[in-house]
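Asks: Have a look at this one.
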Amino acid sequence: MDCYIPIRYIYMILGFCGMLITYGLKTNLAMAMVSMVNHTAIRLEQEQHQNSSRGLYFDTRHGVEINVESSVEEDGTFLWSLSLQGVIISSYFWGYLLGQLPGARLAEDLSGFLGGFTFPSLQFLLTRWAPLNERSLMSSFVYSGGLLGNVISLLATAYIAHRTNWEASFYIMGGVCIPWMVLWPLLINDNPRTHKLIRQDELNYLIAALQLAEKKQRLKVPWKSIFLSGQIWTLIITHTSIGWGFYFMLTQLPLYMKMVLQFNLNENGIATSLPFIGMFLFSVFYGRAADYVISKEVLSLTLIRKFSNILATGVAALCCSIVPFTTNKYAVVALMVIATTVLGALYSGLMQSYMDLARNFAGTLIAITNTVATLAGIAVPLFVGWILNQDPSVASWRIVFLVTTGFYLLATIVYGLFITTTELPWNKPIEAPNRDEEGK
């Protein structure tokens, strides 16, 4: 019996696990924060500053006053204001921000195995292991690992914090990184030609499909051309706008579920994980459908990319605009599930554009756009904390949701109007001068 597993599928599985771990660590802090902070004391302190009395607070769901002691479960120990919570959550993204461009260049110049730079490395490796007729599915599967990571992290952190303590959730999430860090450099290579375990028939298939060069060319990054390209600025604006919406759901949804919908910790974990379960399933299904349409040439590649992005961001914008005006908590959860689920189409839209436009520099390009988009990850918790610290009411949350709606609409319009799938001229391989020759 032939037990050979194609190496590109091994890459898919390990890439999936890498994204799962990366996003699990991102989400871990946002959910743990719900258990770490003494929300009751913070709320009472805010009420005292506003000269309120009688130990009452405003129920942001229905506009009625209820007794604090009878409605709130046991809180954490930290007396962190909403603005300080925003600063703490945003701090994760500073390190994430600094790793983008170095990760991309190391992946392209070395061998793409540096797990600490997961996102740009995975994008670069997709250009080496994913044929066009499999690319949407492979990309969707790899990146959907982040969605499952969100789900597992949200549920596990909520359960662990409720049953034991929030500290244990960090130890467990950190521990699962170790096996992946061992397997990734052992099994992954940046070029099928040099992989020691690949079978000849798979290698021949990839060489033909991807037009792999016999020798790895050292490419000089055309920085000036990149930053003067309208297509790249389309990607930067689109990625950053979507980043705002996605990071809002990733980092602030647990707080919204706690403050406005009044879910307890376990309910919070379930409610905030449902949107990412939907996105995970939809991304894989949609990616397979997109590959089928591409292989049958039913629609042009440009139209597929635009439709995928418009579907994702347009529906998300619509749902986010309705949520703050909805009082039924189950309707809110349903809207958030729909808004996040359709974002799975992005893996057949925006995330493919880097390879469509400049396959040789896809890792660098996504590092550039993801660096800017990560600024949104820093800004979202700070913005939400600043807004809520002034007025922790449903009216403030309404502002937050409408701002998020605006960013989704911006992504819809910019990508829909300007993106193409025509290869950019500077993507053609130009070998950089040899350093030894330069020194002569």
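Yeah, the Cβs are placed from backbone N, Cα and C, and that goes for glycine too.
Just so you know, TrEMBL annotations are computer predictions that nobody has curated.
When I checked TrEMBL for this same protein, it listed these features:
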DOMAIN    1-423  domain 'Major facilitator superfamily (MFS) profile'
TRANSMEM  6-25  transmembrane segment
TRANSMEM  78-98  transmembrane segment
TRANSMEM  110-129  transmembrane segment
TRANSMEM  141-162  transmembrane segment
TRANSMEM  168-188  transmembrane segment
TRANSMEM  226-250  transmembrane segment
TRANSMEM  270-287  transmembrane segment
TRANSMEM  307-325  transmembrane segment
TRANSMEM  331-350  transmembrane segment
TRANSMEM  362-387  transmembrane segment
TRANSMEM  399-418  transmembrane segment
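Help me picture where these features are in the structure shown.
Replies: Model confidence over the domain 'Major facilitator superfamily (MFS) profile' (1-423) is summarised by a mean pLDDT of 82.
Within its own chain, the transmembrane segment (6-25) has Cβ neighbours under 8 Å at 92, 115, 118-119, 122, 125, 129-130, 134, 138, 141-150, 152-153, 173-174, 176-177, 180, 183-184, 187-188, 192, 195, 197-199, 202, 206, 250, counting only residues six or more beyond its boundaries.
Counting residues 6+ beyond its ends, the transmembrane segment (168-188) has Cβ neighbours under 8 Å at 10-11, 14, 17-18, 21, 24-25, 28, 31-32, 112-113, 115, 125, 153, 156-157, 160-161, 197 in the same chain.
If one looks beyond the transmembrane segment (226-250) by at least 6 residues along the same chain, the residues whose Cβ comes under 8 Å of a Cβ in the stretch are 23, 26-27, 30, 93, 150, 275, 309, 312-313, 316, 320, 336, 339-340, 343, 346, 350, 353-354, 357, 361, 364-365, 368-370, 372-377, 379-380, 384, 400, 404, 407-408, 410-411, 414-415, 418-420, 424, 426.
If you look at the transmembrane segment (307-325), the same-chain residues 6 or more away from its ends with a CB under 8 A from one of its CBs are 238, 241-242, 245, 286, 290, 299, 332, 335-336, 338-340, 342-346, 348-350, 394, 397-398, 400-402, 404-405, 408-409, 411-412, 415-416, 419.
For the transmembrane segment (331-350), same-chain residues at least 6 beyond its ends with a Cβ under 8 Å from one of its own Cβ atoms are 136, 139-140, 143-144, 147, 235, 238-239, 242, 245-246, 249, 253, 261, 271, 274-276, 278-287, 290, 304-309, 311-313, 315-316, 318-320, 322-323, 415.
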